[in-house]
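Peer 1: Provided herewith is a single structure, encoded as structure tokens, for subsequent inquiry.
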Amino acid sequence: MKDSGDSKDQQLMVALRVRPISVAELEEGATLIAHKVDEQMVVLMDPMEDPDDILRAHRSREKSYLFDVAFDFTATQEMVYQATTKSLIEGVISGYNATVFAYGPTGCGKTYTMLGTDQEPGIYVQTLNDLFRAIEETSNDMEYEVSMSYLEIYNEMIRDLLNPSLGYLELREDSKGVIQVAGITEVSTINAKEIMQLLMKGNRQRTQEPTAANQTSSRSHAVLQVTVRQRSRVKNILQEVRQGRLFMIDLAGSERASQTQNRGQRMKEGAHINRSLLALGNCINALSDKGSNKYINYRDSKLTRLLKDSLGGNSRTVMIAHISPASSAFEESRNTLTYAGRAKNIKTRVKQNLLNVSYHIAQYTSIIADLRGEIQRLKRKIDEQTGRGQARGRQDRGDIRHIQAEVQLHSGQGEKAGMGQLREQLASAFQEQMDVRRRLLELENRAMEVQIDTSRHLLTIAGWKHEKSRRALKWREEQRKECYAKDDSEKDSDTGDDQPDILEPPEVAAARESIAALVDEQKQLRKQKLALEQRCRELRARGRRLEETLPRRIGSEEQREVLSLLCRVHELEVENTEMQSHALLRDGALRHRHEAVRRLEQHRSLCDEIIQGQRQIIDDYNLAVPQRLEELYEVYLRELEEGSLEQATIMDQVASRALQDSSLPKITPAGTSLTPDSDLESVKTLSSDAQHLQNSALPPLSTESEGHHVFKAGTGAWQAKSSSVPTPPPIQLGSLVTQEAPAQDSLGSWINSSPDSSENLSEIPLSHKERKEILTGTKCIWVKAARRRSRALGTEGRHLLAPATERSSLSLHSLSEGDDARPPGPLACKRPPSPTLQHAASEDNLSSSTGEAPSRAVGHHGDGPRPWLRGQKKSLGKKREESLEAKRRKRRSRSFEVTGQGLSHPKTHLLGPHQAERISDHRMPVCRHPAPGIRHLGKVTLPLAKVKLPPSQNTGPGDSSPLAVPPNPGGGSRRATRGPRLPHGTSTHGKDGCSRHN
């Protein structure tokens, strides 16, 4: 048994804890003089005035101290433990020594830090809890022995706190120089609860007395020693034992008799406490002095002798200094900080305590050799049986009957159960054989111990017999000298008769009794050994029989391959399922993306239609357009010429078709819902077309979501938007229903929304059945129009607004002719839209399509006449009215339904020079009443739709309504206001003197 381990230098760790100021100190008028600056620095200020302050500068005489870690009154017990002691536990388990001690004057919280309370346990309890937790975590690989001793040094006398009846104990030094306490009680335990109970028992035995400075003053130094021995569970001929010791010391505080007001016994206790602390301070001073190699006097106090290894030997040491922040304890705090600062310079030489223990080498060597031979024999047998099995398999490969018999043999459930039972028997035989070998080993160890004890007792008896014969010889010599003159016969008789009987000592009698018991035990051990050897031979024979039986009943390599292939098939099935799930997720994501692209394409088509219609109105009326809007329109034209978005759409359609043709599971697209319309008959008529076009039509665009708009409404349009009117009911003007089903249910409105829609048309061909159904739906529309024609014949023409421009009549005529030549309904998708239908939009057909007066007045900056109203003649207006009236009478017999884009949730927006991006996207606003006070910023914003006007209603002075330009009374107001609705035929006069009909 010897110590081993490499040593290394370790710096002594010093921590400082400043306790909170007490109520008694505040009542005495004390002030705070100790402050924590950061995690390591503490400043102590001198409360007294400087007697050498000649210049009366009153400079602060403060001094800063730097430690490894500093705590103020806000620190908790857990924080102190984590920063100081927790790191020592791993080293103690590994075989290193460690020491933690609290230092400082009386009443500064040393006992509170070390012991704590039930609610806030101190370092003792937390360290022991973590120590046993760490032992439990590694107990599977290591064996541990934990022992504990608890003592106190009271008046320079050592007392055992676990067993106070032992009295005062003495310090001794063993052969290695380690200080030991003779007769101390060491309690071995591996249970945390038990060691906590012992700790509480020792604390109750500790000496505590009240003083004027501290009501619970500790009158002794308490030392708790925990020893941990660690050894590996794997047995070997050489075993390594690691022994670590942990010292936790609660020192008594230094005190002044003037402060504590001690008398008698308390004063003697204080003197002894101060003496031991003075010796500790001298040791700290000597150890911290780097320049001198002087002698360190540890013998001045028993405390310093116990702390010899902790201060300058083999230990990792942590010193927790405690001070009071009150000005009344300035001197004690300064001395404590001084000694703590010096202790930082102390270095200890730490090494691991390793004990190498040699056991019975010859015995363990023979056992290991037997086990290795057994392993080699089993390996050879397995190899031989494997070779015979392969050779037999090659010989019988062509024998079909043998193969069938073998398959039937291994396919039955009974054979499988027999194989499992055979394997279990073999495993149990090996386990029993190992147990018997282990018991034989234990018997051998016990027999050797009995033999050693027998030899020791025999030596004791032999020594006594030798002593007895020596005494008898000496007595005979003495008798021979005394009776030299007597007769020889008398001498012989005297010596034989008078020789005293020598009493046998008790240890010899005990040895004789022990020898008898040991002889009996040896006989029992011999019998048990013979029985175990016989059992071992039987188990070996049983194992050999099982080893010979198992190869004949075990399956071939093919069965093992089948089992592995089945496992592989299962793994591949799992992987295949995962791949299918990933494919489904990817398919769903692609289809959602395709739906989003289709929705954006519909939105783009609607925006193209709106942009082109508004541009046609601007060109027809020569309206002034801001430069910003012109630039944006040029960008738009370039994008149309490039056709990048159409190409992207075509690629998306090709990708979607390729995805549909794949073998992955299909995702059914959501059916498009038909937007409710006020015209119930129109909805019923178009429902058949919508059912056939459901797979190709897109879902309706939400007019409320701003996220999909190309142009988002700005803040300036919200007021007009809030005053807008929802989707109007059908209004009849001259027996005309001016509302139809929404355009999103029509395939033609989706494809023909842009000039380049022929490419999209070619991508979605219509079958003969679909064309026939569309034609049937169109005939239904014409039947409905014929029914309404009879009602229109009996209704007189309404007084509509008077025309104001030449373009109104021209556009009316062109629209009427274009509508006559073009069949309505979804058949319009067969050819590109007519430029006349797309761009020839005037105020009269717009008003007739919605049944309302124009909702917007066109204005520009300034109060002069508008560009498209210049040169207007009243005579031309009268002639135009007469010609229109004649046409209306001539073509009254012809009547058809006016269809228009469904206007759900209309919006009102204003356009300024820098507000082109705020235009509403796909629903143009239509208001019921004119807004006379609107001042526009250079662009006409009108509702756009494919308008069909009946020629029978286009004659007369009230058929068309001009774009009214109301006056701007304020001259500078840009805010849209709603005025009272004026009756038909009234006129307003602007500042330019021109008459405008409302």
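Even glycines carry a Cβ here, placed using N, Cα and C.
Look at Swiss-Prot and you will find G104, P105, T106, G107, C108, G109, K110, T111 tagged as ATP binding site, backed by sequence analysis. If you look up Swiss-Prot, you'll see 360-391, 424-452, 507-552 marked as coiled coil, on the strength of sequence analysis. The annotation compositional bias 'Basic and acidic residues' is assigned in Swiss-Prot to 482-494, 989-998. Swiss-Prot lists 662-676, 684-697, 746-761, 836-852 with the feature compositional bias 'Polar residues'. The region 'Disordered' annotation in Swiss-Prot covers 482-503, 662-706, 746-765, 794-911, 948-998.
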Peer 1: What does DSSP assign P105 (ATP binding site), in three states?
Peer 2: strand
Peer 1: For K110 (ATP binding site), write down the residues of its own chain that are at least 6 apart in sequence and whose Cβ falls under 8 Å from its Cβ; none is a fine answer.
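Peer 2: Expected: A102, Y103, G104, S218, D250, L251, G253, I320, H322.
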Peer 1: Starting from the Cβ of G107 (ATP binding site), draw a 10 Å sphere and report how many other Cβ atoms land inside it.
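Peer 2: That number is 26.
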Peer 1: For G104, P105, listed as binding-site residues, tell me which one has the smallest number of other Cβ atoms within 10 Å.
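Peer 2: Output over binding-site residues G104, P105: least Cβ neighbours within 10 Å is P105.
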Peer 1: Among all chains shown, work out which of the binding-site residues C108, G109 has the most CB atoms within 10 A of its CB.
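Peer 2: Output for this query is C108.
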Peer 1: Enter the number of other CB atoms within 10 angstroms of the CB of T106 (ATP binding site).
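Peer 2: Its Cβ shell of radius 10 Å holds 24 other Cβ atoms.
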